[in-house]
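Feature annotations, reproduced from TrEMBL:
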| type | residues | note |
| --- | --- | --- |
| DOMAIN | 55-486 | domain 'Major facilitator superfamily (MFS) profile' |
| TRANSMEM | 142-159 | transmembrane segment |
| TRANSMEM | 165-185 | transmembrane segment |
| TRANSMEM | 197-220 | transmembrane segment |
| TRANSMEM | 226-245 | transmembrane segment |
| TRANSMEM | 303-324 | transmembrane segment |
| TRANSMEM | 336-357 | transmembrane segment |
| TRANSMEM | 369-388 | transmembrane segment |
| TRANSMEM | 394-416 | transmembrane segment |
| TRANSMEM | 460-481 | transmembrane segment |
Amino acid sequence: MFSDQQVLCSVQTKFTCKIAGYPNDTYAIQNDFHRALVNVTIPLPGDDSSQKYDMCNTYSYPAPVNYSDLAASDKDLASKATCKQWVHDKTEFEETFATQHGLLCSDSLKTSHSQMLFYVGVLAGDLGFGMLSDYIGRKKTFAITSVVLVASSVSAAFAPEFYSFLMLEFIVGASIHGLFMVCCVHGLELVGPSKRIWAGIVIHIFFAIGLVYLAGVGYLLRHWKWIQLAVAIPCSFYMLYWWFIPESPRWLISQGRYDEAEEILQRIAKVNKVETSERFVDEKTLDAPEGGQLWHLFTSKVLFFRTMILFFNWIVVSMVYYGVTMHAGKLSDSFFFGFFLMALVEFPAGAATIALLDRWGRQKLQCACMLTAGIACLCTIFPVLFGGDDLMPLTLTLSMIGKFGAAAAFGVIYVFSLELYPTIVRNGGMGASSCVARFGGMAAPYVAQSGQLVGGNFGLALPLVIFGGASVAAGLLALLLPETLERKLPETIEDAKNFGKLEKSPSKLTLGLNASTTSFTSLENFTKL
C-alpha cells in the first residue's frame, strides 16, 4: 500500500502557468475577462493535445502592461519565458507533494526520483532487516521496524522540502518492506508445510484490501498530507502485536534455544486442542545443517540460465505491476476511479492463481499470466493512436487486464522460484530474487513518465508498450524453465542441475522442525509492500 500511496502523493495534476500580477488566478476559467487574459499571457500548447495551454512557458512582455488594455495582437511583441509559478486543476486533488513544491516541467522527474529512492529503501530493507531478523529474532525486528515505519511515515507528511522528503521516503521503504518480510517469514514459519504455499499467495488478497482502502482514503481526503497520515497512523497498532505474537519456534531452534521453542509449541498445541505428553523438540535428533552458498547457482550453464530467467521475470513482474498502476490515472477521466479499478483486479488475480496453480502447473501459468499482461498492454496502442477520448474506456480495460496478468504472475513466480531453487540455497535464492525485483520497481516510475519525452497520443501509449514488450519476453522465456508441479523438489546443487529429468513424484516442501530447515529466514521477502 505504501508503494502505491507514493503515486497518490506525487501525482502531477493538470496545471498551467500562473499569470504574473494576477492574484486571483485559477486553473479553471472564471469568466470572459479571465479567458482573454489567459489567451494573451499563456502560449498555446505544442503537440500535447490533452492541454489547452502551455504548462511550462508564459509570454514575457518588454515592459509592465495593463492586462485590461492588452490586445491579442500584441503577443507579437512578447517572448516566451519559463514560468516559476503555476495554477493547478483541483477537481480531484486539493494539493499533491508535486504541486505544493513545484516539481513540474523541468523538475517533473524529481517525482520519479522520490519513487525510485523508495524502492532503493526497499532493497536496503530486504538486506538489512533480513539479516537483523536472523540475528535478534523475528519478534524484536518486527517491533523495531514498526516504530521506524510509524515515525518516518508520519514525519514525511510534514517534510518541509524535497530532499528531506526523499530521505524519509527511503526510510519508509526500508522499514515497510522489513516489516512485511518479517511478517511473511514469521507467519510461514508458524503454519504447517501443507498450508505454506497457500499462506504465501493469500497475502496478496490483503494487499488488495489495502489498495481499495487507499483509493477510498484518497478520494475522501484529496490532500497528500492527509493521505500520508491516513496510511501511516494505522500502522501504530502494529506495536500492540508485541503482546500477542510469540517468537518463531523455528528461529529459536536454529539458535539452540530449545526450551523456549518447546514452551511456545506447547501453547500453540493447547490453543489447537492437541494433546501430547511428548516434547515437540528433541535436540538429540536434530539434523546438522547442510551448507550451500548463493554463488553455487552460477556454477553451471543450466543453473545460470535458469537463475537469469527467474531474475528477469521478477524484474519485469515488479516493473509492470507497479508501473501500470502509476500510469492508470492518465487513462481515465477520474484518477480515483482508474486507481480503484486497478485495486479491484487484485482479487480475481489472487483467486485465479490459487485455482489454477495446481491445475495448469507453474511454467504454463507463469507464461500465460505474462503473455496476458503483455498482449493487453501492447493492444492499448491501437485505441490510443487510432481512436479518441471515446475509446479511453477500452484503453483502461486493456490496462486492467495487464494489471491482472502482472498481479497473478507475482504469486506464480514466487511459488515457481521457491520450487526451482535447491533446498540448500532456497533462502538465498528467494532473497536474491526479491532484491532484483526492486530494480523493476525502481524503473517503473521512469517508464510511466517516459511518454512525457514524446508527447501527444503516442506518449500516452509508450509506457504500456514498454511494459507489454517486456512482459511478452518474460513469458516466453518462462517456457524454458522446467515444470515443478508434482515433481520431487531439488535438495542439492546436483539435484538442481538434473531437475527436469527426474521422475514425477508428489511435490512437497519438507520443511520440518530440524536444524537444516529452521534457517527459513528470507523465504517470503519477495513481493509487494
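Along the chain as shown, residues are numbered 1 onward.
Every residue gets a Cβ built from N, Cα and C, even glycine.
From a predicted model like this one, the values you see are computed outputs, not experimental measurements.
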Long-range CB partners for the transmembrane segment (165-185) (under 8 A, at least six residues beyond its ends), listed in sequence order, are 2-3, 6, 97, 101, 113-114, 117-122, 124-126, 128-130, 132-133, 138, 141-142, 145-146, 148-149, 152-153, 155-156, 159, 200, 203, 238, 248, 434, 520-526, 529
Ranking 197-220, 226-245, 303-324, 336-357, 369-388 by Cβ pairs under 8 Å to the transmembrane segment (142-159) puts first 226-245
Across 197-220, 226-245, 303-324, 394-416, 460-481, the most C-beta pairs under 8 Å with the transmembrane segment (336-357) come from 197-220
| said: I'd like to know if the transmembrane segment (303-324) touches the transmembrane segment (460-481) in this structure, counting it as a touch only when three or more C-beta pairs sit under 8 Å and are separated by 6 or more positions. | reply: yes
For the domain 'Major facilitator superfamily (MFS) profile' (55-486), the averaged pLDDT of the predicted model is 84
Are there at least 3 C-beta pairs under 8 angstroms linking the transmembrane segment (394-416) and the transmembrane segment (303-324), leaving out pairs fewer than 6 apart in sequence? yes
Contact set of the transmembrane segment (226-245) with the rest of its chain, CB cutoff 8 A exclusive, min separation 6+ beyond the ends, reads 1-2, 5, 8-9, 139, 142-143, 146-147, 149-150, 153-154, 156-157, 179, 186, 214, 217-218
